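Report on one structure; see the data block that follows.
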There are 2 protein chains.
Amino acid sequence: MIDNIFTRARSSWTKNEGPLNHIVISSRVRLARNLEKIPMPPFQNESQSHTVLERTKKAVEAVKLTGNTELFFLRLSELPALEKQILLEKHLISPEHLEEKPNRGLAISADETISIMVNEEDHLRLQVLLPGLQLDKAWEKADKIDNLLEEYLEFAFCEKKGYLTACPTNVGTGLRASVMVHIPTLVMTRQATKIFHTLGQLGFAVRGLYGEGTESKGSIFQVSNQITLGEKETEIIQNLSSVTRQIVDKEEEMRKILLKEMPLQLTDRVGRAYGILSNAAILSSEEALNLLSDLRLGVDLGLVKLNLKQENLTELMVLAQPGFLQKYAGKPMDALERDATRAKLFVEKLKQGGYN
Amino acid sequence: MIDNIFTRARSSWTKNEGPLNHIVISSRVRLARNLEKIPMPPFQNESQSHTVLERTKKAVEAVKLTGNTELFFLRLSELPALEKQILLEKHLISPEHLEEKPNRGLAISADETISIMVNEEDHLRLQVLLPGLQLDKAWEKADKIDNLLEEYLEFAFCEKKGYLTACPTNVGTGLRASVMVHIPTLVMTRQATKIFHTLGQLGFAVRGLYGEGTESKGSIFQVSNQITLGEKETEIIQNLSSVTRQIVDKEEEMRKILLKEMPLQLTDRVGRAYGILSNAAILSSEEALNLLSDLRLGVDLGLVKLNLKQENLTELMVLAQPGFLQKYAGKPMDALERDATRAKLFVEKLKQGGYN
């Protein structure tokens, strides 16, 4: 069951079933929690981190979740580097969790909607990741698991401040909610930068596809709350949902304008993206993401029909990443080999489907 | 029969049947001739140019050529601008012959290998255009027609200088021989510029696809003799043939090197060219020619198989031109319309064929 995670690109969040999925790729809620009376990861020794890992493992195994959301426990030290890379590419762990540090763990559900990083920046980082705009539902789910875990674990909590975390920016609710949005026409028309500026003033952070410090590729951005203290969890969720709906409105409006004003240019862009993705012999990850963005826009706007048999466009986005590719090829590869394998994979995936 | 010239892209020279056709697209021989005792075009009045037109028409109609090489006579003033543009795109007349001047004519054979411009820079400019490297054969054919015409027309000739022409650079043999070569790997590796420099020192001129003052597109160049005086016709033909064979050798050598050193990059380039040509919705003439150049190289190198049913790649090169396109669309078009029609045409032509 767990092996599947490393061989298939499908995660629940990539299946494209959520509301407003033509623009909102996924919704994510993350809770930071730390065990009472044990120093937090930046300050703990190896024996302390070991205790955290073992206690969390026990708690995770005690918690009863049904069906596909049942949790499995992994020790990162036992995973090959390539598999850790794939977890990152599927947004199941953070780039920071890749660092070789002792006693790092991951609890994960088979459908990959729930994951808990152990001993990353905080003792526990619980994540719920759903397709489309479903922050409410993601929050409910996270809250439920948080409550279940609290039956087995005592979390560091202060009446005045709320949950205590390693980094002060997470203190309080420990809640970080984020959405991943695909806004190609706002990027094309240079509206995105203005919108991001406004979002910043409203207390939201905007980042690229793989979190802090990563640049945006393929017109995909993550928008998240920056404030964790002084607001109720439901307020945080409501505010981000509302802001996301406004981004969706703006992107939809711009799509309508472009479709009316320059349908030929849009069709051209989409056609070229398909033509290159299905015929190139060398394809970088960045180019693949940018072309997938164009293709996705074309499908959303009904400019083309694309009959992909197995993977959809979000899954191809994950497939485009270096780690997944190497797993697919069954060996580590240099950059040119990766770009060649990626190109081969896209030719395969797109030609098995259809286009018109 | 003549109507076909304006509706089909096929000319004898585009059928790709000549020797060394993978690099030498066509061979051309042009003879400049002027009627005795009538001022040459730059200095003649309308009644004089009328005399030239009528006399040439009579001579052309008297000359007996067999089958597809039988000559037809056209008065340029009776042709719509679009049809003249098509004659240019098929290399049957020069850009200069497009200018609106009185009493301009064109004699042309149905297979388009033979054409005679009347009242361009000289009274007569006889051209023979064949596919591949066939300068000898083109010269023989031109010489034969020249002799036949001399039975009906008296050409200005001086024992000491040879044939007299409007421009001193043509005096003597009045012969200009040229080849059109496709040298993509010499262009990619920046060898072309060096070779052109050497050719210049040896007395050859190098120009783009449509003669003087036009830039090269699609890695296609015309190489011609600059000297018309003091050398025998057969020497001119031999020298250019020999130089062309050297260009072919260099291009072949570079193709082998690139195929060995960077097969993936070449395959990528060819695949992308096919992908864009068969999926774009807007395609400029220049981009189309450049992509056709890549595709042609891929076919030559056996990197891809392309099953075009009606037109081959040289014919698509002609189809890519603005005038032919408008004829095809049945109306004059602005630049964006042309680029859209061109894209549509390529999608049609390439999808009706196959690629693997």
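Glycine is treated like the rest: Cβ placed from N, Cα and C.
Please treat TrEMBL annotations as automatic predictions, because they have not gone through curation.
Keep in mind that this is a model prediction, so the values were computed, not measured.
Under the heading domain 'Phosphagen kinase C-terminal', TrEMBL lists A:23-254.
In the structure as shown, the Cβ atom of A:Arg207 (ATP binding site) sits within 10 Å of 18 other Cβ atoms. Annotation comment: TrEMBL describes A:26-30, A:His91, A:Arg125, A:176-180, A:207-212 as ATP binding site.
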What mean pLDDT does the predicted model reach across the domain 'Phosphagen kinase C-terminal' (A:23-254)?
90
Neighbourhood of A:Ser178 (ATP binding site) by C-beta distance under 8 A, where only residues 6 or more apart in the same chain count:
A:Ser27, A:Arg28, A:Arg30, A:Gln222, A:Val223, A:Ser224, A:Asn225, A:Leu240
For A:Arg125 (ATP binding site), just give me the three-state DSSP call.
strand
